[in-house]
Amino acid sequence: MLSSLDKLAAWVLTGFLAILTIFFNMYLLLINQRNYRKSAKHRLNPADFIITAISLASISLQVLTYLWQTLDVIDTVCRISLAGAILLVLIFSVKFIIFWSTAFLTFYYGTKLVVEPVHCYTRIQEAIVKHVHMALAVIVVSGFANCVPLLSVLTYYNGTSSGLSDCGSIMPTDTTGLAYIFYYVIISDIIPGIVMVKCSISISYHLAKHLLDMKASSNGAHGPKLGTQMRVIKMTLSMVVVYVIFLIVDIFAQMTVVLMRQNTLALTVLFASIYTTVSASVLVYGKKSYWKELIASYNLFLDEYPCFSSMKVEEVKTEPHEHSHGH
């Protein structure tokens, strides 16, 4: 069980994470908006469009998690349990949208980097990638459609009647409620995880094969250079690793709430905040131009304060071969 002091610590940490998440995601949004204005057709490429959707959802999630934790810490007698329950349902909905959008981004990079010999499968992939906007709209609608029923299927408790100190805790009281929680975990956490792992295996296999081919053709004279493509592969695999770690922790935290009836919802919410912060930084690092610009801006900012000059980060120069691959 979490004490009031534990919850206060989680609340303060969430606030700090919220600042980082909003910073990274706002940076991604501003860069993508600039790309949109610069493009001849005023259109974002599919990867940037998906990243924009993830950034908007991540900022929304951080705001909602901070609001819920504020309510949980301040409203000790649970006067507004319904507000807490609604906030939790919105948090679960936005989490669903983030996870599926991230899985979709991994899927997109998989289709771009890996050419599957199975024609039927490839056609389905092409059709999905061609309708990125539609696919994201379906993800958003599904997020709310799968989570809003939580309010009617489950009972939201107030702390006074249940002995739980989490206001608006959504708890199953019968088999239907438990079945719904089980369904939610599978549809929102496990299935997008399977999609991401499948795509990462395809990308890893493609990478290994490509490196072996390049080594054979260069006769081992010099190391193979994949440039920007390699960076995208690293980013995709990093996101999958981050997701899998989060998935294990999140499922454990949800089990403590649902099956053990503990007041650890604050931890579930905190882990979601940590995930959005880490994944946003991975997305920024994954695009070399974004990362270089961020480092340059950071160093420029430190130039204004000579006493902080030791905190400067070395800027990496672009190698000529890195322009050979786009993403």
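Using the three backbone atoms N, Cα and C, a Cβ is placed for every residue, glycine included.
What TrEMBL records for 12-30, 50-68, 80-111, 132-157, 177-197, 240-259, 265-285 is transmembrane segment.
Packing against the transmembrane segment (50-68) from elsewhere in the chain are residues 11, 14-15, 17-18, 21-22, 25-26, 28-29, 32, 44, 84, 87-88, 90-91, 94-95, 97-98, 101-102, 104-105, 108, 132, 136, 140, 168, 269-270, 272-273, 276, 279-280, 283: each is 6 or more residues past its ends and has a CB under 8 Å from a CB in it. Remote same-chain residues near the transmembrane segment (177-197) are listed as 92, 95-96, 99-100, 102-103, 106-107, 143, 146-147, 149-150, 153-155, 171, 239-240, 243-244, 247, 250-251, 254, 258 (criterion: CB distance under 8 Å, separation of at least six residues from the stretch ends). Remote same-chain residues near the transmembrane segment (265-285) are listed as 2, 6-7, 10-11, 13-14, 17-18, 20-21, 24-25, 27-28, 51, 54-55, 58, 61-62, 65, 68-69, 72, 88, 91, 95, 98, 102, 166, 169, 235, 238-239, 242-243, 246, 249-250, 253-254, 256-257, 291, 294 (criterion: CB distance under 8 Å, separation of at least six residues from the stretch ends).
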